[in-house]
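J.: Sharing a structure, written as structure tokens. Questions coming.
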Amino acid sequence: MPLQRHTLAHCSNNIEPQNLTLVSEFHLMRVSDDPGLQPILFCLFMFVYLVTVLGNLIIILAVNSDSNLHTPMYFFLCNLSLADICFISTTVPKMIVNIQTHRKEIIYVGCLTQMSFLILFGYMDCLLLAVMAYDRFVAVCHPLHYSLIMNPRLCGSLVFLSLLVSLVDSQAHNLIALQIIYFKDVEISNFFCDPAQLLNLACFNTFINDIVMYFVGALSGLLPISGIFFSYYKIVFSILKISSSGGRYKAFSTCGSHLSVVCLFYGTALGVYLGSAVSRSPRSTAVASLMYTVVTPMLNPFIYSLRNKDIKRAVKRFHRKML
């Protein structure tokens, strides 16, 4: 049994550091405290996780097995699918284990590790969606120069840069969390180690850390969103200049799947933050956060496969090869 150490129930500026104890583990919120629901929840989250991993893996294998899909758009899609697999793998497996073992503890190091990977792959998703928006902008607004602009070197550099920036953002949050030694509680009001929740548990004044974290968060959120808005601003104006309705539909259809994923990802994430501002219920906020951490990665493969004829053909050909 690991040594369990807890913090004091209340913290104040008058408390000396030596009067406080360190934290060896945190307690995550349970999906449900009803014992009868545990087997159902276990099967549900296991099903969602397997569908997400298999769905994204099929897209990766189908694209790589079809030479007709070796284009920048599908190269970015493969990386998005890989990021989605990693993103959901940071939270759901731990949730499944906790449901099965009827536990809710997560060790301190495990909590920081989960938080780091959650930010890494979550922000990777954001940046890849911005990169894919830029790819659609070039395809619609500069079709004649598309192959020249979106060359393999640039595509590889964009993915590598997305990974590098995500890693820096993740480690920035991690360094801030590591500076917090004492906590006023061990209860995290979510199913995973939410960075904002962890910072709120800090025992002493963390004004500077708050400023740094919110600045980094705002900057990291603003960059991809600005890129997406700018790209679609240019795309819409280019489509409106097309005289025929058929041409406009064809141009916009190339962006349909990507736009759907963008709306789903940012819509659910925005809904979580707006919901947390309106509702004071921690469980409501935690349930809402399941939307963008669990549901969105699961739906992405379906959106791309159902709305994209090339993907559907590639999946069918891949299926025939496997048989």
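Here the Cβ of each residue, glycine as well, is placed from N, Cα and C on the backbone.
Just so you know, TrEMBL annotations never went through curation; they're auto-generated.
Straight out of TrEMBL:
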TRANSMEM  39-62  transmembrane segment
DOMAIN    55-304  domain 'G-protein coupled receptors family 1 profile'
TRANSMEM  74-94  transmembrane segment
TRANSMEM  106-134  transmembrane segment
TRANSMEM  211-233  transmembrane segment
TRANSMEM  254-274  transmembrane segment
TRANSMEM  286-306  transmembrane segment
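What's the neighbourhood like for each of these?
T.: Within its own chain, the transmembrane segment (39-62) is flanked in space by residues 31-32, 69, 77-78, 81-82, 84-85, 88-89, 92-93, 95-96, 99-100, 294-295, 297-298, 300-302, 304-305, 311, 314-315, 317-318, which lie at least six positions past its ends and keep a Cβ under 8 Å from the stretch.
Model confidence over the domain 'G-protein coupled receptors family 1 profile' (55-304) stands at 82, taken as the mean pLDDT rounded to a whole number.
Tertiary proximity for the transmembrane segment (74-94) is limited to same-chain residues at least six positions away from its ends with a CB under 8 Å from its CB atoms, namely 45, 48-49, 52-53, 56-57, 59-60, 63-64, 106, 110, 114, 117-118, 121-122, 124-125, 128-129, 131-132, 135, 155, 158-159, 162, 191-192, 261, 293-294, 296-298, 300-301, 304, 310.
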J.: Go through the chain and flag residues at least 6 beyond the ends of the transmembrane segment (106-134) whose CB is under 8 A from any CB in it; none is fine as an answer.
T.: 2, 23-28, 73, 76-77, 79-80, 83-84, 86-87, 90-91, 94, 158-159, 161-163, 165-167, 169-171, 173-174, 177-178, 188, 192-195, 198, 220-221, 223-225, 227-228, 231-232, 258, 261-262, 265, 293
